[in-house]
Amino acid sequence: AESSAMKFQRQHVDSEGSSSSNANYCNEMMVRRKMTQDRCKPVNTFVHEPLADVQAVCFQKNVPCKNGQTNCYQSYSSMHITDCRVTSNSKFPDCSYRTTQAQKSIVVACEGNLYVPVHFDASVEPST
């Protein structure tokens, strides 16, 4: 079975990619990364930074998670991300997404012996 850490990488890490010149980025990636198989996942964020940099966030600023848990961490620096949001006229299995890129600080939940990201909690303006 796919581990939580591997699922996080599949759903949220695209180190080599960028949506900068591709309005279809989300439509392509949401299918390629298997997030449209049983439904159209409504919202998803891809992080375009090296995996090691994303994993390092687990040792950065400890912040509360949206669900109240305490194992979330915010990156000190902003990261190049792409937000994918399902469009209102999207009908499964023809999932259609709006692609928005940003530079933001990311918040991830971490767990396990290696203490790696297992959940993408939010993207926020970097705190000064």
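Cβ coordinates come from backbone N, Cα and C, glycine included.
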Substrate binding, same site as Lys7, Arg10, Lys41, Pro42, Val43, Asn44, Thr45, Lys66 - Swiss-Prot member from Arg85, Arg98:
Arg85
Disulfide partner of Cys72 per Swiss-Prot: which of Cys65, Cys84?
Cys65
Of the candidates Cys84, Cys95, the one sharing a disulfide with Cys40 in Swiss-Prot:
Cys95
For the recorded positions listed here (Cys26, Cys40, Val43), tell me which residue's CB has the most neighbouring CB atoms inside 10 Å.
Cys26
How big is the Cα-to-Cα gap, in Å, between Cys40 (disulfide bond) and Arg85 (substrate binding site)?
10
